[in-house]
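See below for the structure under consideration.
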Amino acid sequence: MVNRILVGAHYGLKDWIIQRATAIVMAVYTVIFLVVIGSVGPDSLESWRGVFAGGFMRFATFLFFISLFYHAWIGIRDIWMDYIKPDGLRLLLMIATATVLVGYAGWAIRILWRM
Amino acid sequence: MAEMAIKKKRPKNLDLPTIRLPLPGILSIIHRISGAALFLLLPFLLWLFESSLTSAETFASFREVVDHGLVKLILLGLIWFYMHHFCAGIRYLLLDVHIGADLKSAVLSSKIVFGVSIALTLIVGVQVLW
């Protein structure tokens with residue numbers, strides 16, 4: 001007799017890995033970002049834009065934002081699953097969370113490529 | 001068998017004021033609270049980022065907001081939340097690969113997380129905000 005409790009198709013392993021992969025991307029970016037703002041802060045528009053105008057920083061910042069929003073989805077979804085018991089309300093909050101995060105992703109892309 | 005394991009009655013103590021959370025537990029709940037707070041303030045942070053980059057007018061309003069004393073205090077709090085989430089997150093990644101999983105190291109690494117995140121907050125906060 002197989003003595004295990006099935007709670008989902010893949011036990012959340014994919015999300016578990018993505019939560020950690022996105023964390024590593026953000027951790028690396030954080031170090032890069034701290035080094036950069038160690039020399040150039042948001043003191044004048046020209047120098048501050050110069051930081052993100054380069055291809056590397058723009059793409060790295062884009063990757064950071066995408067990782068952030070995916071990471072936030074998993075974390076906030078876990079909070080809803082831990083504390084919100086009524087199915088309908090939980091589903092509503094999850095949909096709202098996913099919706100605003102997709103919106104933020106569009107916003108972040110617009111910021112980076114319209115500046 | 002499986003169903004019995006689910007339905008087995010376990011003792012519960014949810015009288016929160018009587019629970020003394022050990023340091024790794026405090027670290028853990030701040031990890032969650034900081035993540036939630038950063039999520040809730042994402043629109044504000046994205047707006048700040050956008051106005052800091054878009055034009056001379058938006059940059060001026062960005063500086064005006066950021067130079068306000070109360071906003072500086074909020075941003076310092078958010079920098080601490082970020083640094084705590086960052087340092088505690090690295091600790092969790094190490095725990096995932098079984099580094100520091102015994103009780104003594106877990107308490108020690110929690111102290112390191114609190115120390116390093118507060119130090120980073122002060123360094124970055126002073127650098128960026130003042």
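Glycine too: its Cβ is placed from the backbone N, Cα and C atoms.
TrEMBL lists B:HIS85 with the feature heme binding site. Residue density at B:HIS85 (heme binding site): 22 other Cβ atoms are found within 10 A of its Cβ, drawing on all protein chains shown.
Annotation comment: TrEMBL describes B:21-49 (among others) as transmembrane segment.
According to TrEMBL, the feature transmembrane segment maps to B:69-94 (among others). Within the chain, the transmembrane segment (B:69-94) has long-range Cβ neighbours (under 8 A, six or more residues past its boundaries) at 27-28, 30-31, 33-35, 37-38, 41, 45, 100, 109-110, 112-114, 116-118, 120-121, 124-125, 128-130.
For B:106-129 (among others), the entry in TrEMBL reads transmembrane segment. Proximity of distant same-chain residues to the transmembrane segment (B:106-129), defined by a Cβ-Cβ separation under 8 Å and at least 6 residues beyond the stretch ends, is recorded for 22-24, 26-27, 66, 72, 75-76, 79-80, 83-84, 86-88, 91, 94-95, 100.
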